[in-house]
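**Q** For reference, the structure I am asking about is given below.
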Amino acid sequence: MRLAFCVLLCAGSLGLCLAFPKETVRWCTVSSQEASKCSSFRHNMKKILPVEGPHVSCVKRTSYLECIRAILANEADAVTIDGGLVFEAGLAPYNLKPVVAEFYGSKDDPQTHYYAVAVVKKGSDFQLSQLRGKKSCHTGLGWSAGWNIPMGILLPPDSGEEAAAKFFSSSCVPCADRMAFPKMCQLCAGKGVEKCACSNHERYFGYSGAFKCLQEDVGDVAFVRHVTVFENLPDKADRDQYELLCKDNTRRPVDDYENCYLAQVPSHAVVARSVDGKEDLIWELLNQAQENFGKDKSAEFQLFSSSHGKDLLFTDACLGFLRVPPKMDAKLYLGYEYFAAIQHLRRVQGTEEPQRVMWCAVGQHERTKCDSWSVLSGGILNCNSEDTMEDCIAAIAKGEADAMSLDGGFLYTAGKCGLVPVLAENYLSQDGKERFGSKCVNTPVEGYYVVAVVKKSDADLTWNSLRGKKSCHIAVGTSAGWIIPMGFIYNQTGSCKLDEFFSQSCAPGSDPESRLCALCSGSISGQPAHTCAPNSHEGYHGFSGALRCLVEKGDVAFVKHPTVLQNTDGRNPEAWAKDLKQEDFQLLCPDGTRKPVTEAQSCHLAAVPSHAVVSRKDKADFVRRMLFNQQELFGRNGFEYMMFQLFKSSTEDLLFSDDTECLANLQDKITYQKYLGPEYLQAIANVRQCFPSELLDACTFHGN
């Protein structure tokens, strides 16, 4: 019956029957040796997988760049490439993303990085700083260990490819343009058109090829990864004929690579299309492959061994695969420092831009305020905008933005993504006393209390009777609105079903279809609805928004202790707040009692750190200097305060908290761990196990 159906189908369209099944991963190969191994891979996978797939087929191209283009054109689906090529694949127009990573080390302690090293023969008499004019062996142009890392160290910033080509007297750099840069291919051993080829058709291509170039006395130094010498020389006596060049201009044995390497770089990764990339199918295929044909699994076919050559399809040093988190693109996979180093290596001299700060704004309201600031900043500030806090954190981590102010909950995520606190928000004193200038800037930051606020009229409601009530939260992931109250509830219940504790909630940033968004109002200003959006488009977002939610719909609001005072007794002229009285509200204490809102010091859920400005380490000092200058102009009592107010917003808490008195020094709290403190870090750990973050998964993938 199935055959008859196919015959009928073919009568209408022969192409349909010849097309690959949807459950097929088309693997791209770059040489006849890889094509041969791919054929064995396909044949052996066919034996173990069900007829419906996943299947693997093989596509032949002449180089990794050709494979990247084939994947973009939907002529192939996957290829394993070095981190330097992950950079290339992630750029427009390709926009590919890493979906699976090789891991090394051991299965108990998988490492998704390796060491880039410079190997020389023992007895040669030069150090790393004396390599100019020597003969060099490289794995391939654009490869991490073979090109990007060593040339980034040896050349001044922004030197460009032409300067790199002139640094050595002669080289073998497979994949280089031998017509444009003949010296880069002078030492290569391929014949005819295969000389300097970007595949195993060039004898000195890849890790083992570059080492062979050194072994055969063609070059003076080989730039490879730390396992290359071990793979090619299993006998220690043979390895002892080689040494590593260290960055401190000493030499060490090849076994001592952990103390003598050029850089740690991310492992090779499988890349696929960002849209319709078959990530699930690729992972299913490779997971089955490693289970059946991984290290010491089968004598018939070895996935991580190459009888036809070295490092075919996957590197021979690979022990297995790890799935790359979905939020991780090429920039997050490689990390900002490595990504920026490649950009510097490729940049043409004289094209550097003047130093500025790119501020990340969340939502349109923040962007509007940021643009107003930018116009008056004297050209030192530009603006970028994203929809969520986490999107902004990712943008800063990737170098697409430079700074923003964050709540402690998001500061934790930012820290895990490699960002550092720069300055802290110091809040206005409740006694009305102002601290001007350096007095405020150098005053230790105190933070605030997280409180549970209820209406005084709900006299029977206590902390112990909150189950089944309606709750209002400033946003998911924030200290006062989420981390602390939900951590309390988790400690009480021991359950991660925190969305079932309350009957209805407004927790901006949650699934709009869930009960955690049931109370949310969407846009109050007549703009298109943004129900439960984690920004100011949601009317119940933020501290005042959560209090408004309590007034109009809820039973309890989780906010910071000044929130009620800031929105009552005429301090907030908006219609919902103008008639509110401070005595209309009370605080729920964890011991089951209630107290007036003025007694937060003895009735709170936790004391948490102030919001803080974060940036990357390389930009932190510049951001700090810029902000000190800007708050002298536009801070409270600033010289240009009438033109623009940093700490005042058209809605609430845009860019900075509205009750910020100044941005203050951190004293000694210069890491996110020191800034947040051990108790707060534990509270985050409790809640994070119930509500995982895709960005946090991506930022901790390499073990941060």
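The backbone N, Cα and C atoms fix where each Cβ goes, and this holds for glycine too.
Relevant sequence annotations retrieved from Swiss-Prot are reproduced here:
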- 1-19: signal peptide (SIGNAL)
- 25-347: domain 'Transferrin-like 1' (DOMAIN)
- C28-C67: disulfide bond (DISULFID)
- C137-C213: disulfide bond (DISULFID)
- C172-C188: disulfide bond (DISULFID)
- C185-C198: disulfide bond (DISULFID)
- C246-C260: disulfide bond (DISULFID)
- 357-689: domain 'Transferrin-like 2' (DOMAIN)
- C360-C392: disulfide bond (DISULFID)
- C370-C383: disulfide bond (DISULFID)
- C417-C699: disulfide bond (DISULFID)
- C440-C662: disulfide bond (DISULFID)
- N491: N-linked glycosylation site (CARBOHYD)
- C506-C520: disulfide bond (DISULFID)
- C517-C532: disulfide bond (DISULFID)
- C589-C603: disulfide bond (DISULFID)
**Q** Out of C370, C417, C532, which of these disulfide-bonded residues is nearest C440 (disulfide bond) by C-alpha distance?
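**A** Checking each of C370, C417, C532 against C440 (disulfide bond), the shortest Cα distance is to C370.
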**Q** How big is the Cα-to-Cα gap, in Å, between C137 (disulfide bond) and C532 (disulfide bond)?
**A** 56
**Q** Which whole-number value in Å describes the distance between the Cα atoms of C417 (disulfide bond) and C383 (disulfide bond)?
**A** 21
**Q** Under 8 Å between C-beta atoms and at least six apart in sequence, can you list the same-chain neighbours of C699 (disulfide bond), or say none if there are none?
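**A** The list for C699 (disulfide bond) reads L332, A397, T413, K416, C417, G418, given in order along the sequence.
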**Q** Spatially speaking, which of the disulfide-bonded residues C370, C383, C506, C532, C662 is closest to C67 (disulfide bond)? Use C-alpha to C-alpha, please.
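**A** Ranked by Cα distance from C67 (disulfide bond), first place goes to C383.
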**Q** Within 10 Å of C532 (disulfide bond) (Cα-Cα), which of the disulfide-bonded residues C185, C260, C506, C520?
**A** C506, C520
**Q** Given the disulfide-bonded residues C198, C370, C392, C417, C662, which one is most crowded in terms of C-beta atoms within 10 angstroms?
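**A** The largest 10 Å Cβ neighbour count belongs to C662.
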**Q** Just how many other Cβ atoms lie inside 10 Å of the Cβ on C506 (disulfide bond)?
**A** 32
**Q** Based on Cα distances to C188 (disulfide bond), point out the closest of the disulfide-bonded residues C28, C213, C603, C662.
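**A** Answer for the nearest of the disulfide-bonded residues: C213.
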**Q** Looking only at C-alpha atoms, tell me how far C172 (disulfide bond) is from C185 (disulfide bond), rounded to the nearest Å.
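**A** Computed Cα spacing between C172 (disulfide bond) and C185 (disulfide bond) is 5 Å.
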**Q** Sequence gap of 6 or more, C-beta under 8 Å: which same-chain residues meet both conditions with respect to C246 (disulfide bond)?
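**A** When sequence neighbours closer than 6 are ignored, C246 (disulfide bond) has L128, R252, N259, C260, Y261 within Cβ distance under 8 Å.
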**Q** Translate the DSSP assignment of C185 (disulfide bond) into the three-state scheme.
**A** helix
